[in-house]
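Please read the structure below before turning to the comments.
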Amino acid sequence: MDIFRVLTRGASVKKESGPKAKAADYSVINGNDENHKEDNNESQIVKELDFFRNKRIISKVEDDREKTTENDSPNKEEKSGNDDGLIKPVITNTVEASALRKSYKGNVSGIDIPLPIGSFEDLISRFSFDKRLLNNLIENGFTEPTPIQCECIPVALNNRDVLACGPTGSGKTLAFLIPLVQQIIDDKQTAGLKGLIISPTKELANQIFIECFKLSYKIFLEKKRPLQVALLSKSLGAKLKNKVVSDKKYDIIISTPLRLIDVVKNEALDLSKVKHLIFDEADKLFDKTFVEQSDDILSACREPSLRKAMFSATIPSNVEEIAQSIMMDPVRVIIGHKEAANTNIEQKLIFCGNEEGKLIAIRQLVQEGEFKPPIIIFLESITRAKALYHELMYDRINVDVIHAERTALQRDRIIERFKTGELWCLICTDVLARGIDFKGVNLVINYDVPGSSQAYVHRIGRTGRGGRSGKAITFYTKQDSVAIKPIINVMKQSGCEVSEWMDKMAKMTRKEKESIKNGKAHKERKQITTVPKMDKAKRRRQQEMIAASKRRKNEELSKKHFSK
């Protein structure tokens, strides 16, 4: 399979046809045409979400659905429909449920836990699942639920609070979007905001928005009103504040915390009637950076029957405590281990001795043929990311760097080049560890050891997505002796083979845990460079001589000026 073909499964704009998505506020009104494009032979691969070009993807989704099926094969109807020869599993009792959970290492706890589903068709008999929604799932290549979807969808459709943890790329987004769309279809009340999804980053919010649009396509509510989804952009926020757009126009809104709070405080958006509140990447939304904002959002949602859901690839103990305090009899769903990485990822540690050794290690990967693009390299700071970029660029590696200091247009162009295969390697910081969602990445390199096990899981989760395999390599030096201990724990919990010395490594002491938590385990690192020390000293002396010469000239000029 051409990996860059997989990577570039984004969409392009065809402005001449199809209903246009409103670019100003990212709101979506579903179309009503009846012809659909059949999935190709790679339909099992989840389509890539180009979050920097959401308007373009929306147009593509609409265009694809408007194309006729004149060239479709005669057997297309049989392929798109249910195969009578295929027996879909239906879970009818707790014994079958236990067997299913054991098969995917699911750990579900709580009071009166609903039975999981064995297939999407199972939802029709159990929950009167909307056939238009099921059709949208199948047309987008989602034919079978993933383990986390098997558990979370029936829990949510029973109107229960849920705390869910699953590996990166395990289908968590659909696990909360499918029941949300179904519950809004079932709600026969008047129009108004019913579903609210909170994401820590704009990129992730864009991604959720695109998926929600695909699911809600051609779904109509009361009086033939289309289900409306919106991404709370700066433009839409201004329209809500100025009353250009009614806050009752949308059924689902997706937003980052600060932007939502700004609109709510200006009384431009009423959250008191919201019935479904979802926190994606809950571990980030309830850490010290976002916890106050998340609390403000919870306070604004005053509906007595409010259903709350939290999803993430990692669930620290403090997030579990918060969940228990704000949720009503929640069902806790853990797929695999809550601190483990995706089992499709081969994890490896490489000792480099010092900072110079890391550059040598990358060059060895290139020479040995392990540097297989597409590749993402993570570093701990923007300064170090820039330095590594310059080093690899001079090695003639097809590389670019993306970080918070780059403009939106620059990030847009870099992502586009990476998707099309023009770029082989992308260097970035932790700021984008949760936002980038490419399905074809072969290798992730942690040039710097991550600051926590959660950061490590999210970093390496950029590969091994959609059921494909991937590889993650972490470089470490002598000064990382404490910082790598959480990484080794994640590797063990993920079922990776570890060296004998890793098994014999002493457990972390309380002092070491505190140092990692407070960021003290990561000491100041040397500059990334291959320039010899003698050359550095020579350059430094030259710079000092130039500075001294300029200083003398300025002093002479000032003396002449005052003497006059």
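Yeah, the Cβs are placed from backbone N, Cα and C, and that goes for glycine too.
Residues or ranges marked as compositional bias 'Basic and acidic residues' in Swiss-Prot: 13-23 (among others).
The annotation compositional bias 'Basic and acidic residues' is assigned in Swiss-Prot to 33-45 (among others).
Swiss-Prot lists 62-86 (among others) with the feature compositional bias 'Basic and acidic residues'.
The domain 'Helicase ATP-binding' (153-333) scores a mean pLDDT of 92 in the predicted structure. Per Swiss-Prot, the feature domain 'Helicase ATP-binding' maps to 153-333; the stated evidence is sequence analysis.
Under the three-state DSSP scheme, Thr168 (ATP binding site) falls in the coil class. The Cβ of Thr168 (ATP binding site) has 24 neighbouring Cβ atoms from other residues within 10 Å, across all protein chains displayed. Under the heading ATP binding site, Swiss-Prot lists Gly166, Pro167, Thr168, Gly169, Ser170, Gly171, Lys172, Thr173.
Here Swiss-Prot flags 280-283 as motif 'DEAD box'. Within the chain, the motif 'DEAD box' (280-283) has long-range Cβ neighbours (under 8 A, six or more residues past its boundaries) at 163, 172-173, 176, 197-201, 204, 208, 310-312, 314-316, 319, 323, 434, 454.
The domain 'Helicase C-terminal' annotation in Swiss-Prot covers 344-506 and rests on sequence analysis.
The compositional bias 'Basic and acidic residues' feature in Swiss-Prot is assigned to 553-564 (among others).
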Quick one: which residues besides Gly166, Pro167, Thr168, Gly169, Ser170, Gly171, Lys172, Thr173 have a Cβ within 8 Å of the ATP site's Cβ centroid, in sequence order?
Thr146, Ile148, Ala175, Ala313, Asn342
Taking helix as H, G and I and strand as E and B in DSSP, count the residues of the motif 'DEAD box' (280-283) in helix, strand and coil.
2 helix, 1 strand, 1 coil
For a quick check of packing: other C-beta atoms within 10 Å of the C-beta of Thr173 (ATP binding site), how many?
22
